[in-house]
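Before any comments, here is the structure.
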Amino acid sequence: MAPNSVVVTIDKSTNISLMEVNDPQTPVFLEKHKTSSTKQFSWRMLLKAQRVLMFFPWLAMGASRTFFSVKKRIERSDSRKDEVKYKELIIYRFIRAFLAISIVALLVELLVYFNNWDLNVIPNEFMGVLRLGFMSWVSFRGDYVAPFVTKLSEFCVLLFMIQSVDRFVLGIGCLWIKMKGIKPEIEDGVWDVEDLESFPMVLVQIPMCNEREVYQQSIAAACQLDWPKDRILIQVLDDSSDELLQILIRNEVNIWKEKGVNIIYRHRFVRTGYKAGNLHSAMCCDYVNDYEFVAILDADFQPNPDFLIQTVPHFKGKPDVGLVQARWSFVNKDENLLTRLQNINLCFHFEVEQQVNGHFLNFFGFNGTAGVWRIKALEESGGWLERTTVEDMDIAVRAHLNGWKFIYLNDVKVLCELPESYEAYKKQQHRWHSGPMQLFRLCLPAILSSKISKWKKANLIFLFFLLRKLILPFYSFTLFCVILPLTMFIPEANLPIWVICYVPVTMSILNILPSPKSFPFLMPYLLFENTMSVTKFNAMVSGLFQLGSAYEWVVTKKTGRSSESDLLAFAERESKSFNEDKIQRRLSESGLEMLGKLKETESPVVEIEKKKKTGFIGKNSRSLCYC
């Protein structure tokens, strides 16, 4: 039974009347309850309606902001003269047209599905124009489009399986090397430490171009190499276009020169040929004839002090060895998702490809840095040429054709930096995939007419160039970015599940094995590789047919992130004592003291900049080539 309810009515404070209600169904109680319930329900509905209506303006505002931000980014990228205008390339026009056709086809398919059109029996009555067109398309795709797509898919699957077998064989070779513990060995006591004259003369080259973020750390790392100071010379090859940066780099060189390091600064007035032209110009100096080996270190590379001790001895007693290549190690591999995915590819490249090819074939592509060349090998192979954007691969192929052997050291690692932005990475990959196709066109006659064995010729043509540089980007773009989406609209051309799922996942797992910590990123890696296949295919086509974008060279943007962790390493140089044996490293200053000294050294540069703004220093005042 419901409890008794009492309604109290107050007219005045002195006049209070009470009325007892025993039944909750009385008209007075029902009227009060109905009134309050109706008002509450109305307010609740209005509040929910307001929230629903506010969602649409919020959604529209978010979409508009995203659209305008993308538009600004595109305009900003188009306004940069030093960047490649990818939207003007044919491949991207094809992708946009393909996307538009796919959307239209999807809308038509949805219309057919919801209208329940019978596609097996054509009615006798007159059909609509849209239905007639769709029936014509179904007949056309079954007779002509589906067979073509099927043949193309079978061809791409064949290439895919060949490339998968190549990856699998490389993996087996790497496993064999690991199980047997095979490593390049050097003789004990190669040079007498007490006799400094027994050490060979080594030239260290640091090519750079507008490397404001990393020039200090690269010069410092090279100057701290453990090698007799009378047997080493460091060349800072500066191609910077910024005069203020040139002064900063020259001051940095002078600081180390005052510490007793044999180091020179070199700048070209005519900056042609990019990195190849810079290296070629440096090798033309007369004093280079006094040196036997040359170590090349890009601006963002920081070798350990024992880099030369671990690499140069491999030349002793091996007159046919022309190159000793070290492995790259990345300081920012865990910075973001992009660097993690790059680390997967590069770890497989160094751990598997370079190591297996170096052991079984004595040949691999020079990585452009972190390597030591025998100067005689460079000279006999024609030196640095400016004909492609991959001068490192060019000199490696020509040296291999001249009979020189290469040694790869997987245990010797040199610290460097990965591109942290997608734009920088995309431009780097465009250069790395267009250059090999240019080189293939130029080197094919030389390969066919060379005196190397037929097996080495076949390896260069079919494995090194065609399979890994041409077929890989071709089939990955065609199979996964064109044929696979087409099968959604062409049911007559189906791809087997093992092509779509099993084999790609297996190959991706094989690629991730050299970097086991990257297993959580397996799925993003698969999607990322499919996305980058568009850029790689476009670069391959540009290089193969010598399009304008194939000759674009954009210096990869660096952040200098490794210098933050090496602040104390920079402080060491103020307290170094140099003896005749090697440079001794010890710590004597704190980071704050070093920062104060850096400011003192940069203060004259600030004055020079002020004079430059007032007109005392001309913008075009530079020598042809000075040291």
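Note: Cβ is positioned from N, Cα and C throughout, glycine not excepted.
The feature domain 'Glycosyltransferase 2-like' is assigned by TrEMBL to 294-488.
Annotation comment: TrEMBL describes 52-70 (among others) as transmembrane segment.
Beyond the transmembrane segment (90-114), the same-chain residues lying 6 or more positions past its ends with a Cβ under 8 Å from any Cβ of the stretch are 130, 134, 482, 485, 489, 534, 537-538, 541. What TrEMBL lists as transmembrane segment is 90-114 (among others).
Residues or ranges marked as transmembrane segment by TrEMBL: 460-489 (among others). Listed as Cβ neighbours of the transmembrane segment (460-489) (distance under 8 Å, sequence separation of 6 or more from its ends, same chain) are residues 98, 102, 105-106, 109, 149, 152-153, 156-157, 159-160, 162-163, 166, 365, 397, 400, 433, 436-437, 439-440, 444, 447, 495, 499-500, 504, 529-530, 533-534, 536-537, 539-540, 544.
A Cβ distance under 8 Å defines the sequence-distant neighbours of the transmembrane segment (495-513), meaning residues of its chain 6+ beyond its ends; these are 153, 157, 160-161, 164, 167-168, 171, 344-345, 348, 479-480, 483-484, 487, 519, 521-522, 525-526, 529. The annotation transmembrane segment is assigned in TrEMBL to 495-513 (among others).
Within the model, the domain 'Glycosyltransferase 2-like' (294-488) shows a mean pLDDT value of 92, rounded to a whole number.
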